[in-house]
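Trainee: Got a structure for you, questions after.
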Ligand code: SF4
């Protein structure tokens, strides 16, 4: 099975026949031991350290449909190498644009993303309520807010409600993961460990959605909830809305509560709190395990990984756009 | 809409598959079944280049065509869906007949099973038959996406996850 590979250290990546060759380079420009990765084993690459590479390498990656996601020193996602789309679908593309430009069609999809995202957030809160964390108040407020979703007519209005839901949801984090104080969401830059974790994991979730979009015929640049152009591949942000509570938040809760992630895994920069490399490695490992973790799919009648679940979500979106089946986002039932 | 031989074969398998394919909704070609199918085509008869030619019909390419006997050769993996293979080949013969090739014949071969089958072209009867397929396929494509088959019949289809991913 293909896997994601993470390059944490600086070095040079090149093509060697049908393998990728990675030579780490230390601060004094000394080369380390080369490592080889057969191309068939690679699903995508995540680059955290500085990387030297030439166009021959990117041509090779492009031919094999392998995307590369880049992060800077501050762990900000800075962009992706997205191979040329290999499955063209003219009519789907036209429909996707039409669903974006028709306000009624667009808001219907946008509402579904928020509805399902909020539903999945509620599931998390209810799970912890059953484990004696007092999240009852947040649950009530969110349930009230959810009622407003279907009355919206404009996307900004919807985004406002989403912001309120998220604020209430995040305020419950102190009860779920009391080890780290968390005073609400700060994005740029994150100033406490929980914000650092959320920012980092949300970006990873976004790239996972982007990777799955590549394997379907959807155009990742045309989105419905987020304004296209917020980020280049804004449809991945839409899809991530559904999966963030299921994948990211649950991962953070478990990493912190099981003490796999602790204060020592963070570094404080001027005005920013970031994961250290040791912390990033723990998170990425846990994320990988999560994505390959399987659940029994009720319709397909077999076990599918979370990663595949994201792809199925893309199929469902395609079916909606082609008027085959109304889109219903993935709701957790456990 | 051009009706390709693939579409004619899908007409005999699943109307929804036909519709999806015709509307350019395609699945990744990474499935092992497809890979295996390709491999059989590529490696089974490497030495036949002398007699057999490739023939490009515009909407389809015939890999093995013998211009001396006007015979085409079609290689398939399994004979499970042989009625669909038959239809596809009949359509090839129809296209050949249309461009003026007299009395075309086809041989379908299932190398794994060591079975071969001959399909002939009966001008009058087959012409009507193939044209009715073209009309049917055309109607399906113009309509809305047809319903799914029974799930038990879908298990090996490359669209399985697409069709059955719900909720
Ligand atoms: S999965 Fe079933 S319904 Fe869908 S295209 Fe294939 S055979 Fe037809």
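Cβ from N, Cα, C; glycine included.
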Trainee: Of A:162, A:186, A:277, which does TrEMBL put in the Mn(2+) site with A:226, A:241?
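Mentor: Checking A:162, A:186, A:277 against TrEMBL: the Mn(2+) site match is A:162.
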Trainee: Quick one: what's DSSP say for residue A:226 (Mn(2+) binding site), helix, strand or coil?
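Mentor: For residue A:226 (Mn(2+) binding site) - judged by DSSP and reduced to three states - the answer is coil.
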Trainee: Taking the binding-site residues A:162, A:226, A:241, which residues show a Cβ-atom distance to ligand 1 below 6 Å?
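Mentor: The qualifying binding-site residues: none of them.
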Trainee: Neighbour count, 10 Å Cβ-Cβ cut-off, for residue A:241 (Mn(2+) binding site): what number do you get?
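Mentor: The answer is 23 other Cβ atoms.
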Trainee: List every residue in the same chain as residue A:226 (Mn(2+) binding site), at least 6 positions away in sequence, whose Cβ is under 8 Å from its Cβ.
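Mentor: Non-local contacts for residue A:226 (Mn(2+) binding site): A:234, A:237, A:238.
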Trainee: Give the sequence-ordered set of same-chain residues, not counting A:162, A:226, A:241, with Cβ within 8 Å of the centre of the Cβ atoms defining the Mn(2+) site.
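Mentor: Once A:162, A:226, A:241 are set aside, the remaining close residues are A:110, A:113, A:114, A:117, A:159, A:225, A:237, A:238.
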